[in-house]
Amino acid sequence: TTVGASSGWCQGLDIPNELFLALGLVSLVENLLVVAAILKNRNLHSPTYYFICCLAVSDMLVSISNLAEMLFMLLLEHGVLVMRPSIVRHMDNVIDMLICSSVVSSLSFLGVIAVDRYITIFYALRYHSIMTLQRAVVTMASIWLASTVSSTVLITYYHSNTILLCLISFFLFMLILMLVLYIHMFALARHHLHSISSQQKPPTAHHGGSLKGAVTLTILLGVFFICWGPFFFHLILIVICPTNPFCTCFFSYFNLFLILIICNSVIDPL
């Protein structure tokens, strides 16, 4: 009876392909502008902006893989493209590998940017000796290599719960890492603001600055969690309750979770 009552919301959402294509194009253009701005402006040729550039490239891969998959499916559905099933499966695996690689690299560079900001604030005088260009290049190359290898393993052994648990653990690690670092940075900023206001005569209120810091922190972590959380919760349910009726209902909203990930690629450059 419960399953029957909930069957209405178990149908999922019918998201038009045009929405996927529109968001993919917007994200692609936005991130191209970010990459072009960083490459063209020599003042932005520093590790911090190289990490941001890599994040933009990762988000572009999300957009490109989404656009490629949508166009591929539309061409097959309308009979414009005729291919053997084996070739279709091979193309699908290639696109899925691109998607997985972009997901892992995006999460990785979000974490690296948080660490870079943390070093900038807490080790300002030693920043250039800690985050050298050579270390930044090694970090970026390592992330791209790890993303490629992990995506290949994930697509090859996607039936394995162990692989899914590794991906889920990676997401949770990045979430906790950014949460700890940004809260610590916000606490330091609030402490400095309080010290400055207490030295002034008469003391000035610092609630406005603290509120701005809290809002910024909420946006940073809130967007990350809202956009990525449902997709990884979907993976968790695949591991713990793949045949449960309620979990099956949640699975029917997978396209919505993909839309949220693409929205993250739209929000990041902004």
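Glycine is no exception: its Cβ is also placed from the backbone N, Cα and C atoms.
Noted in TrEMBL for the protein shown:
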- 19-39: transmembrane segment (TRANSMEM)
- 30-270: domain 'G-protein coupled receptors family 1 profile' (DOMAIN)
- 51-74: transmembrane segment (TRANSMEM)
- 94-115: transmembrane segment (TRANSMEM)
- 136-156: transmembrane segment (TRANSMEM)
- 162-189: transmembrane segment (TRANSMEM)
- 210-238: transmembrane segment (TRANSMEM)
- 250-267: transmembrane segment (TRANSMEM)
Proximity of the transmembrane segment (162-189) to the transmembrane segment (51-74), 3+ C-beta pairs under 8 angstroms: no
Which of 51-74, 94-115, 136-156 contacts the transmembrane segment (250-267) most, counting Cβ pairs under 8 Å: 51-74
Long-range neighbours of the transmembrane segment (51-74), counting only residues six or more past its ends (CB under 8 A): 17, 20-21, 23-25, 27-28, 31-32, 34-35, 38-39, 81, 91, 95, 98-99, 101-103, 105-106, 109-110, 112-113, 116, 136, 139-140, 143-144, 258, 261-262, 264-265, 268-269
Spatial neighbours of the transmembrane segment (136-156) far in sequence, C-beta under 8 Å, 6+ residues away: 47, 50-51, 54, 93, 96-102, 104-105, 108-109, 112, 163, 167
